[in-house]
Structure formats: structure tokens, C-alpha cells
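Asks: Just dropping this structure here.
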């Protein structure tokens, strides 16, 4: 059985120790012993029923007397103990941070803050700094905000502070979790009570949908992020003097002002078309964009299709390393250049060439056989690295990260979960180069079969299935 003890530390702070023990009947159970509740039973003679309620990605017990018990993260095999983080915050405004901040947070951290403000006020949270092991979908370390009766949640990781979160609730749960490996500087955040109708965003952020805040990089990026789509309105300044149609057997494209620094806030899209019976080969001659761990601020993204909304992505590139030569599977290719309001570099230039496919075969040199044991036996046996989606350099790094999923092998739903995870970590490589993400149906099926089992261990579903291609076309996405 799992045994969880907690003791009050005063001021609503709790220390949590978790031990994993095998029950005599061979099964696993959960016993929660609350020192605070026992004291209340003795003092008041009241019989309090402990009710386990799942709220989004957590199972916890919440009593009005500042009792909060966060249960167990499935991925741990050894006992661990935490103290001095988390608690109940009931002032109209305040701040909180990860353990040891601004130093590195400890491994196996599990902290929960309950923020309560008097109704009708609602909680607003602003994370001013973030350096948590990533990238998305935040499988290992994360900061999560849970709120509302609809169990809405936001999960963050990486080294870019998220936009302001305007919740619709007077009670919010914030959880910080770390695993046993890589650690960063953590986070610091501020909260305050705001009245309905007085929601706000930081000065540099964009507000839509009556209170949703977006970072500048998400505005005019070609992908509507707001229900009212106001983030994609009035974007003509981003299309000025860049992008457009490219036709003919060869051509040239470059970032605005190249070789001088490109302007801020750019969205350039080139649509390349060549004659039928040909494919497009794109070669970069110069390349220098803002350097990032994950290409999300300034980047070039190449699509194997007539537009950005169809087909597979051949790659997303940033920094100063030249991208490889890229070849489409047909006569169309779309190239997207995005720049945010921050650092600007000299940009890039590239040439494209139409290549006849009649009587020729393309090399599989960019593909490699899958060597990770956990992901062998899929519907495909070729992958390609680096993995641009999860920022994984090679199969060796992928294998190291996938070891943490072996603890899920005992779940009845492990097979569909394995197909999804392998499809994300070792994506399918096509002979023309580039990779295919798993189809959305692969993610949805795994979520449907696994969510209930993962809930029992307080392990929230880590993927946003809506970010994957909604298609069954094997040219657009994979079915591992």
C-alpha cells in the first residue's frame, strides 16, 4: 500500500513524506493519516470523513481548516520527504516560489499552494520568472495552475515565463513538481485578487476573449490562439516586403533586410510551386537567428505542402546551425519565417531548385533505424533526429528520457500509451526527409484508455492532443 503522512508546520505549510510499501494481499492501496485531523478529532470529538477528490491532474484532500494533502507521483520508486513549500495563501495579494529559488530546486519536489481570495474576486497569477526542465508537453518537471469547477488547468515548463493567467475562480491550486533528474532555477510568481470586469494583462502582453493573455510571439503568428481571433487581426505590418508566391524551376528567398538584422514582429510565408513531376529542394546559404533551446521565438519552419495547414513539417530551425537540405514529396513547399519583438540577428537566405523525380529515387540518408528497445515493433522502423518537437538531440537521449515511462508498463493501457509516446519521442521518418507527428486519433485513443488509470496515481494526462494533426492521411501524420 501507499502510506502518506503529513504534519502541519504552522501557517498552513505542510511537510509531506511518501513511502511505497507492498500490501500483504499483493495489491496497492492508499492510507492517509492526518496528524492535524487526529488532533481535531481529539479536541472536538468530531468524526471527519476524508474524501479524496480529483481536481485536474491531482488527487488531494482539502479541508476548510487549511488541510491539504497532495498524493503521489507514479514515477517515484523511493521514499522522499519535503517540507517548507506550499501552503494556503489567503491575503488579497502575495508571492510564492519554488524551493531554494533563485537557486536550483531539489529533486523529487512536490509543492502545493492553495490560493483563496474572497468572492466575487478572482485570482490572477503572474509568473515573473521560469526555469523548469522542459520542453512542452512538460512530462518531468512542471508548474501547474488548476481552477474553476470545470477543472481547467495550465501547465508550464521551460525557460520562458508564461503570460498572465486570469482565472475565473476565487480558489486556485498551484502545483510544482520535479522528478529525480535535471533541475533548474525554478520559478517565482505573484498573485492578486481582481474583481470581475477588471482583468488585465502585463503591458507587453495581448489580451483577448475578455481576459486571456498572450505573449507577443503568439500574436500574428498565423495560428489563431483566441476564440475571437483578434490576435490574427491587423497583422499587415508583419507581411510587409516578405513572403509571397514563388514559381518556376528555381528561386531565392531571404529574411527582410538580410544580411542586416531582420525587423521585429515578422511573419513571412513563401509558397513555392514547381511543375508536376518535380519536387522542391531547399538549400540554406546563410542562417543566423536568435539562439534558443526550443525554436519558439525566431525560427524558420518548412512545410511539405501547398500551405501551412496541410501536410507534414520538414523541420523548424533557429540559432546559427545551418539546416540540412530539405526536399518535398511533391511539387509544393511552404516556408515560414517568424520573428518576435526580442533579439534580432542577420537572418537567412536560401535557394530552391526543382528536381525531376522521373526515374530517380531519393536517398534515405536522413533516416535512421529505431534502436530504442521500447519503441521497436511499431508500424514503422525509421526515425530522424534531432527531434524538433521535444528538442531531443539523438536516440541515446530519447532512450534516457523514455526510461521514466517503464513504470507505466504495468498499466493495462500501456500499449496505446507506448504507441503515442514512441511516436512523439521517435517520430516516423519519411524517405523524402522530415518527420511525421502522431495523428491526433493516436493521442485521443491513448487518453481515453489511460486517463482513468493515471488519475488513480495523481498523474495528469501530459499531452495536448489538439496540437497534433487531425488526419488519418499517412502522408500527414503517423499511426505508430
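In case you wondered, yes, glycine gets a Cβ from its N, Cα and C as well.
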Asks: Which one of 28-51, 76-99 shows up in TrEMBL as transmembrane segment?
Replies: 28-51
Asks: In TrEMBL, one of 58-75, 112-129 is tagged transmembrane segment. Which stretch would that be?
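Replies: The range carrying the transmembrane segment annotation in TrEMBL is 58-75.
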Asks: Would you mind checking how many other C-beta atoms are within 10 angstroms of the C-beta on residue 213 (disulfide bond)?
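Replies: Looking across every protein chain shown, the total is 21.
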Asks: Drop a 10 Å sphere on every Cβ of the disulfide-bonded residues 208, 235 and tell me which sphere holds the fewest other Cβ atoms.
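Replies: 235, out of the disulfide-bonded residues 208, 235, has the fewest neighbouring Cβ atoms within 10 Å.
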Asks: Other Cβ atoms within 10 Å is the metric here; tell me which of the disulfide-bonded residues 201, 226 scores highest.
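Replies: Max Cβ neighbours within 10 Å, all protein chains included: 201.
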Asks: Taking Cα atoms as reference points, rank the disulfide-bonded residues 220, 226, 235 by distance from residue 213 (disulfide bond) and give the first.
Replies: 226
Asks: Is it possible to get the count of other C-beta atoms within 10 angstroms of the C-beta of residue 220 (disulfide bond)?
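Replies: Around the Cβ of residue 220 (disulfide bond), 21 other Cβ atoms lie within 10 Å.
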Asks: For the domain 'CUB' (85-194), jot down how many residues DSSP puts in helix, in strand and in coil.
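Replies: Computed counts for the domain 'CUB' (85-194) are 0 helix, 57 strand, 53 coil.
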Asks: For the domain 'CUB' (242-355), what are the DSSP-based totals of helix, strand and coil residues?
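Replies: The domain 'CUB' (242-355) comes out at 0 helix, 57 strand, 57 coil.
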Asks: Among 201, 220, 235, these being the disulfide-bonded residues, pick the one whose CA is nearest to that of residue 226 (disulfide bond).
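Replies: Nearest in space to residue 226 (disulfide bond), counting only the disulfide-bonded residues, is 220.
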